Structure formats: C-alpha cells, structure tokens
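Visitor: After the structure tokens below, expect a handful of questions from me.
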Amino acid sequence: MEEISKLHLPDAFLDFLQENGLDPSIYAAVDSTPRYIRLKAGTEAQLEEIEAEIKCKLERLDWLQGFYSLPPDFKIANSNAYKQGKIYGIDAASGAAVSALDVSVGDHVLDLCAAPGAKLCMILDILGDSGSVTGVDVARHRLAACRTLLQKYALGNRCRLFVADGTTFSLVPQRLDSDSGSCISALEEKADTFKEWTSRRPWKERKRTAKARESAATGLIANSKLPELIYYGHHSGVIGLSRSELYQSVCNGEVSNSGYDKVLVDAECTHDGSVRHIQKFENWGWTTLQRRVLDAERTDSLTILQLKLLTNGFGLLKVGGSLVYSTCSLTVAQNEDVVDQFLKENGSAELQEIDAAKDWPCRSGRIPKTLRFDPSTSKTSGLFVAKFTKLSI
C-alpha cells in the first residue's frame with residue numbers, strides 16, 4: 001500500500017474502485033509497467049539500427065507479433081525512428097484488441113471510434129495492399145490527427161475517414177466488385193464525382209462543408225447530417241463516386257452480404273484502466289477526475305453510449321463477420337454489463353473465443369470468452385476485450 005500512496009489517490013477514487021471490485025494495487029504498477037512500440041511492417045530488418053539510434057534495447061514480445069517493450073519512462077517522440085515512421089507508440093493490450101479481430105487479406109474493416117489512430121494504422125498494416133478500412137470518429141480534430149498519422153506512415157491508400165456519430169453511422173464499404181442495386185439519380189452531374197484526394201479542396205466543396213457545419217451549429221441539421229469525409233485514399237473506393245453513390249443507404253438485408261467483414265468498437269469510456277491516464281490527474285487536478293470518471297451521471301450516459309456504439313457497429317457487420325468491443329475501463333458496468341445487455345437485445349450475436357488469447361498474459365472477464373488486461377496481470381495498460389460473430393437467423 002506504500003507504493004499506492006505515492007500516487008496520492010483521493011478517497012473518492014478509492015471508493016470508486018471498491019464499489020467496482022477493483023484492486024487499487026494495480027495503480028502501484030505504474031512505475032514498473034513497460035512502454036510498448038510496434039515496428040512498422042517491413043522495418044524488422046532495421047531493428048539493430050533502430051536500437052542504436054534510440055540508444056535502447058528493444059525487448060521482443062513473445063505473445064504479440066511486431067511488438068517490443070521499453071523501460072517505463074522511455075520517450076520515443078524525439079527519436080528519428082519515430083519521426084520517420086518506423087515505429088508506433090501503442091500499448092500491447094491495444095494491439096491485442098486489434099489482433100483479436102483476426103484481420104485477413106481482403107477484409108473490409110470498420111473502426112467505429114478511430115481516434116487517435118494507432119489501432120487504425122495497425123489494421124492497415126495488416127491488410128497491406130488489399131481490402132479497405134473506414135475510420136469514424138465524432139471529434140473532427142481527433143480524426144484529423146488520424147489523417148496526419150496515415151500520411152506520416154504512408155498508410156492511407158485504402159482508407160477513408162468520416163467525422164460522424166458512431167451510434168448512427170450507416171455507410172457500408174465500397175466493394176468494387178459488388179452491385180448494390182441502388183438507384184442513383186440520373187441528374188447527378190459528372191463534375192460532382194470524387195477526384196484524387198487533396199488537402200486543397202475545391203472552393204465548391206469547401207463552401208458546402210462550411211454551410212453544413214454552420215447549419216449543424218445552429219441546430220438546423222440534427223441527426224440527419226451526413227458524415228463528413230475528411231480523407232480518402234486512391235484505392236479506398238471513393239474516387240469516381242458521386243456524392244449520392246457515396247452516401248447511399250442500404251437496408252438491413254443488404255448489410256448481411258455487403259457489410260463489413262470486421263468491426264472494431266473501442267468505445268469511449270472513463271479510462272480508469274489506463275494507469276498513466278489516471279496518473280495525469282495529479283497535474284490536471286483531482287476535481288477533473290471527479291467530473292470525468294467518478295460522476296455517476298457521466299458513467300450512466302457512457303454505458304448508454306457504449307451500448308449504442310456496439311449495437312450500431314454490429315448492425316453494419318456482415319453475416320459471419322467478427323466484431324471486437326473494447327474499453328480501457330476496468331468497471332463491470334462499462335464492460336460485462338454492456339455485453340450482457342447487448343446479447344439480450346441481439347439474437348444474432350454470439351460471443352467468440354479469441355484463439356490467440358491462449359498465449360496472452362490476461363485473465364478471463366466475468367463472462368466466459370471475455371478478457372481483461374491490467375498492469376498487475378499483464379504488465380500492460382488496463383483493457384477489456386470481447387469478440388462477437390454475427391449469425392444468420
């Protein structure tokens with residue numbers, strides 16, 4: 001307990017942990033939990049060169065391909081290897097959530113809460129020159145950071161990014177070999193088709209976007225606002241489409257065949273499982289912790305949001321596809337309770353075993369087939385992971 005006191009955790013937070021059956025000793029591991037990096041695909045041969053440049057030995061993780069551990073206080077942001085896009089900063093537990101998706105060549109993947117983008121980049125690295133990834137986030141500035149990452153790591157060729165509410169996003173992937181059978185207006189002008197993406201958008205498009213934002217800000221457009229496309233790669237399926245083709249809606253029956261092969265829902269949460277995140281409140285102020293983590297109304301609203309995100313993501317999954325739900329909270333309310341409620345409401349959903357997890361340093365959640373990472377057990381940040389498949393009923 002002496003180590004715990006070094007973090008000066010307030011009584012209110014300790015009460016929160018006790019109410020949720022969480023052992024406060026996990027927060028004592030903050031100074032011994034390693035930092036993790038992932039090597040960009042194709043740079044494995046440069047491992048010794050990267051180690052020499054950052055002046056640190058990288059310890060390979062046996063249980064997660066491409067991941068390495070570093071000392072807890074090591075910083076990579078100023079290294080040339082990071083600036084040149086050879087390494088990513090990403091916790092191993094987050095990498096496990098992506099690994100649980102079991103992304104295959106040619107998959108069309110939806111990352112429904114894509115910011116800040118480390119998982120998005122990992123998915124794209126796995127796909128290589130195949131399939132596509134659609135990244136969605138409700139916060140434009142955070143999704144813009146994703147776009148910056150895609151450009152830094154040269155991974156945007158098969159990706160498109162939409163600023164949108166993940167609970168209502170409804171666009172399926174552009175499968176170039178499929179016939180959606182949708183009706184496109186014959187009056188659509190060819191000039192309105194999407195050309196090669198550029199950061200310098202045409203005046204007409206900028207004006208249309210500005211008008212949409214202004215309307216949304218004044219409440220003229222509510223839930224009917226179309227997702228804002230802020231980036232698309234050359235092979236993302238967007239180039240050559242008209243706006244009506246891009247934003248065409250499909251019925252539930254069509255989603256069964258034309259939906260996403262894989263969906264990741266790394267939902268917004270209280271972040272209480274992220275030890276380093278909690279540690280930041282020493283500088284931010286514990287009153288901020290009270291508002292962001294401990295406030296009962298916020299927690300209640302988050303669980304509603306999490307269930308909506310999970311439900312909508314599952315609705316966009318094709319039959320036979322896989323969805324991974326994860327949060328960096330360790331509370332039952334934001335994890336097992338959400339999973340339990342979701343299963344009760346969705347008869348076509350079934351929990352799946354995560355095959356790779358037999359070698360992972362994690363423990364089972366309170367529901368069979370769900371997993372929990374935490375600093376004490378896993379030497380990683382805290383994370384809950386559940387995997388679903390969609391049945392044909």
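Backbone N, Cα and C define each Cβ position, glycine as well.
TrEMBL feature annotations, pasted as is:
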type     : residues               : note
ACT_SITE : Cys328                 : active site, nucleophile
BINDING  : Asp137, Asp165, Asp266 : S-adenosyl-L-methionine binding site
DOMAIN   : 22-391                 : domain 'SAM-dependent MTase RsmB/NOP-type'
Visitor: Beyond the listed site residues Asp137, Asp165, Asp266, identify every same-chain residue whose Cβ lies within 8 Å of the center of their Cβ atoms for the S-adenosyl-L-methionine site.
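Guide: For the S-adenosyl-L-methionine site, the extra neighbours are Leu112, Cys113, Ala114, Ala115, Val136, Val138, Ala139, Ala164, Gly166, Glu268, Leu309.
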Visitor: Counting other CB atoms within 10 A of each CB, which of the recorded positions Asp137, Asp165, Asp266, Cys328 comes out lowest?
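Guide: Counting other Cβ atoms within 10 Å of each of the recorded positions Asp137, Asp165, Asp266, Cys328, the minimum falls on Asp165.
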Visitor: Given the S-adenosyl-L-methionine binding site residues Asp137, Asp165, Asp266 in the record, what is the largest Cα to Cα distance, rounded to whole Å?
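Guide: Greatest Cα-Cα span of the listed binding residues: 14 Å.
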Visitor: Listing them in sequence order, which of the binding-site residues Asp137, Asp165, Asp266 have their Cα within 10 Å of that of the residue listed as 'active site, nucleophile'?
Guide: Asp266
